[in-house]
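Positions annotated as active site, proton donor by Swiss-Prot, on the basis of sequence analysis: E196. Feature annotation from Swiss-Prot assigns active site, nucleophile to E308; the stated evidence is sequence analysis. If you look up Swiss-Prot, you'll see Y90, N135, A136, E137, N195, Y265, Y373 marked as substrate binding site, on the strength of similarity to another entry. Residues annotated as disulfide bond in Swiss-Prot, with similarity to another entry given as evidence: C271-C324. Residues annotated as N-linked glycosylation site in Swiss-Prot, with sequence analysis given as evidence: N100, N211, N411, N456, N541, N554, N626, N777, N790, N832, N880, N881 (among others). The signal peptide annotation in Swiss-Prot covers 1-20 and rests on sequence analysis.
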Amino acid sequence: MARFPQLLFLLLASIGLLSAAQNHSDSEWPLHDNGLSTVVQWDHYSFHVHGQRIFVFSGEFHYWRIPVPGLWRDILEKIKAAGFTAFAFYSSWGYHAPNNHTVDFSTGARDITPIYELAKELGMYIIVRPGPYVNAEASAGGYPLWVTTGAYGSLRNDDARYTAAWKPYFAKMSEITSQYQVTDGHNTFCYQIENEYGQQWIGDPVDRNPNQTAVAYMELLEASARENGIVVPLTANDPNMNTKSWGSDWSHAGGNVDVVGLDSYPSCWTCDVTQCTSTNGEYVPYKVMQYYDYFQEVQPTMPGFMPEFQGGSYNPWAGPEGGCPGDTGVDFANLFYRWNIAQRVTAMSLYMLYGGTNWGAIAAPVTATSYDYSSPISEDRSIGSKYYETKLLALFTRSATDLTMTDRIGNGTHYTNNPAVAAYELRNPVTNGAFYVTIHADSTVGTDESFRLNVNTSAGALTVPSKGSIRLNGHQSKIIVTDFRFGPSHTLLYSTAEVLTHAVMDKKATLVLWVPTGESGEFAVKGAKSGKVERCPQCSNATFTRKKDVLVVNFTQAGGMSVLQLNNGVRVVLLDRAAAYKFWAPPLTDDPFAPETDLVLVQGPYLVRSASLSGSTLALRGDSANETALEVFASKKVHTVTWNGKRIKTSRSSYGSLTASLAAPPAVSLPALSSAQWKSQDSLPERLPSYDDSGPAWVDANHMTTQNPRTPDTLPVLYADEYGFHNGIRLWRGSFTDAASGVYLNVQGGAAFGWSAYLNGHFLGSHLGTATTSQANKTLLFPAGTLRKNTTNTILVIHDDTGHDQTTGALNPRGILAARLLAPSDSSTAPNFTQWRVAGTAGGESDLDPVRGVYNEDGLFAERMGWHLPGFDDADWPANNSTTTRGAQVSLSVTGATVRFFRAVVPLHLPRGVDASISFMLGTPAGASTAYRAQLFVNGYQYGRFYPHIGNQVVYPVPAGVLDYDGENTIGVAVWAQSEAGAEMSLDWRVNYVADSSLDAVRVAAEGALRPGWSEERLQYA
């Protein structure tokens, strides 16, 4: 930048901008509440809870994607430890309503009250999102599948049939939540109505022509919430910047909620980025989106609120193994979340923060078993660099109280002396504290840029640093603070190192700053006169320069942690990125605001979950993944430290901290699956003409009409949901007596579905499936000798659907759209089927297994009979000749085109006092056919769908609680060979990680009630 423009900037900054900021009054913006309570309020700047502004940094987790309540604590403790002030969750109507007369919030993992209680205990607010439609890459968007037949109308409207369907669930969800609101001393602070339902307008929202059907629907939902005790603000989330729905700042057309927000996925919600071009435009990595003007236009008297901001991406069928973590990794977290602050966002929730698993039939057809989502907390519950990077910002937003009330003063490259770098200035109009969000002027560029920044402070206009420069190396952003308040009465005039957190101990302040490894930083503290280096193992060039009443400190941090002591009592901890990753600030209170007077600071471990103080003893809970040095900054009255209940030997440093060493966790090994006794049986007897389908497993498929908007091409109606069978594999037996030469079948099951057909036990053919095909037809000719003369012939169609489509596609039927016999060669008249029968999940909608629930099982013979369940007696099964061993692996073989079920009982005995995660690995040996489908069962839970000819997922995490870590485990695999070549599949397992932990995974896994066993009622479903 030329000298004259720089001087002009400094003059404007010191006169005009400062004046504008100081003259801006809080009273210019109205403070809102909903008329029911003033505990939660909001204005242009932020949410208020109990009269205090809060920066809401939240993240999403789905309890129904990890059906082990004992592990919910693990997830929520990790969210809290990272500095988040809140978390959000979708409920799932379908998970709680197996049929249209049952709403279950009490059985097993359907009891959600522990989530609310944990939020209170841990000190986090909750954003509850009950639907009734949630999307979430869940089958039918979370709808119960009995609502997808057409009998309840087109859904998501005010149709009386649909209203009668959702009301019992929604009322119960509201009633439960009403007991846990901030208005009653608990932690639910807002309640979302519907999900991404941007339907308020007909045509262009600018015309404000209301969609009265949508308005009526929203008003019904809002009334139900209020009638059932919800008094906290009701919210809604616009799916994009084009819909502008449900906010009173935009219109009073009807159906409005209290606070509206905007969802955004700037790098695409799926690894297939082409799916997002209609919303985001052409995908360009690291291209940020502008939100500031949207919030100013659409919701100016409400906070910048993002109920969903991209936390990762789901992996579609045929997506890369392991997803696409590189698309939304460490750099994404660093850049985009800071960018939102530049856009004056003060409430955002990451979707997802923990993704979990699409176990059973939970998923919509868009994705496979894994819902890892490349989230900060991985599917196997491990944490890594993305989690730690996100923690750096979350801890900052929790401690930066001025950030909850800022005006955007300006932005552009004129703030810096490098045209490649821009800054966005946010300033608190009351305190004058400011935040300069620096970023490459072109966010898609990741060059290494050095610059100095023009800032406006209480000491005047400055260009910082005074020595050296600030660096943006790669796709990075930095938030430079000025007049940052911390401690009892201290002011950080500026810092080119980012603030991590600050705490007050014994009435003295500790300020924690960090820089990327090897970079320099400069900060200035008002009121300090001198300082000294207490610890500096890898720092260099630490200098202290007094300028009037300000002490300027310049340093370079090569690695690790340094400690400085200023003469005014302020202790400054300097960290490089790696050290900052393992730096924690656990509160000593359950207050979500985590006041600085109630914090301790801890350096070193993999995870610090919590801290509590009793007398002179500080109790820390957490995880150590290896031998680790521990350093604790706490009150000087602390003389004893315990780690996970055990006292550890500590030493006090010269600067007052306590140091110790944590031992490595014990090694954990798994028994080889190849050493287990594997047995197998054929699981497709239904293909044989001798099979008896007269039992209760089977239902006559004889409907001649349907309310589904998709009329079938032939009758009877062969839509599985019409007959109460909703999940995965269903079987159809069609009978005929007259001669025929073949059959035409058109089957629909969603992307990646497949089907096979048999005549009188003879294999006719299969649709193997593709990642994008949701419907497939085939004309199958009958081979000579397969027809039976003068008696009944039976066609079996086995089809596997991958869930119901989302949004308006929820009603797309699953089953056979057309079934026509072909005329024999000596006739022009095609015969007709005389009967169709269908089988699916044992018991249909009656929910034989309410603990695992209706999503868990399909209609395979093995599942109906309960072969996958613990306690099933396979003693009379013959010795298996369909398995071989390859080292620790077991290889499961199927001869011909059929389904075979393999099972073994494998003991586990993990040590106590550790957390461990285990995954199964499924694969296809080299040279073997991939034309098969497989399902993995662990203690009765279906925890993996493996389609090697379509998808690339080969690693399947299975949580403690589904696995028994100190007992016997029933492992089952159903292998469906879709060609005469048969199939061969390899199976192994591994330990993902082990940590010495306060979370005793063996104890969590001991909850046997989550693993109910086999019962004789299964026998009737043969």
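Cβ coordinates come from backbone N, Cα and C, glycine included.
The structure, with features from Swiss-Prot marked on it.
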residue	record	Cβ contacts under 8 Å, 6 or more apart
N100	N-linked glycosylation site	P144, W146, V147, A165
N135	substrate binding site	G141, G142, N195, E196, Q806, T807
E137	substrate binding site	Y314, N358, A363, A364, V366, T367, Y371, Q806
N211	N-linked glycosylation site	Q199, Q200, W201, I202
N411	N-linked glycosylation site	A342, A422, A423, Y424, E425
N777	N-linked glycosylation site	Y744, L745, N746, V747, A818
N832	N-linked glycosylation site	F736, D738, L821
N880	N-linked glycosylation site	W678, K679, S680, F902
N881	N-linked glycosylation site	none
Given the binding-site residues Y90, Y265, Y373, which one is most crowded in terms of C-beta atoms within 10 angstroms?
Y373
Rounded to an integer, what is the Cα-Cα distance in Å between Y90 (substrate binding site) and C271 (disulfide bond)?
22
Based on Cα distances to C324 (disulfide bond), point out the closest of the recorded positions A136, Y265, E308, N541, N790.
Y265
If you measure C271 (disulfide bond) to A136 (substrate binding site) at Cα, how many Å is it?
15
Sparsest Cβ surroundings (other CB atoms within 10 Å) among the recorded positions N195, N456, N554, N790:
N790
Neighbouring C-beta atoms (10 Å sphere around the C-beta of N541 (N-linked glycosylation site)):
11
CB neighbours of C324 (disulfide bond) within 10 A?
21
By Cβ count within 10 Å, point out the most packed of the active-site residues listed: E196, E308.
E308
Which of the recorded positions Y265, E308, Y373 has its Cα closest in space to the Cα of N790 (N-linked glycosylation site)?
Y373
Provide the number of Cβ atoms within 10 Å of the Cβ of A136 (substrate binding site), excluding the reference atom itself.
25
Out of the recorded positions A136, Y265, E308, Y373, give me the one sitting nearest to N626 (N-linked glycosylation site) by CA distance.
Y373
Just to be sure I understand the packing, how many Cβ atoms besides its own are within 10 Å of the Cβ of N626 (N-linked glycosylation site)?
13
E308 (active site, nucleophile) versus N541 (N-linked glycosylation site) - Cα distance in angstrom:
43
Quick one: give me the count of other CB atoms within 10 A of the CB of C271 (disulfide bond).
23
Cα of Y265 (substrate binding site) to Cα of E308 (active site, nucleophile): how many Å, rounded?
8
Between C-alpha atoms, which of these recorded positions comes nearest to N456 (N-linked glycosylation site): A136, E308, Y373?
E308
Work through the recorded positions one by one (A136, Y373, N554) and name whichever has its CA nearest to the CA of E308 (active site, nucleophile).
A136
Determine, to the nearest whole angstrom, how far the Cα atom of A136 (substrate binding site) is from the Cα atom of N554 (N-linked glycosylation site).
48
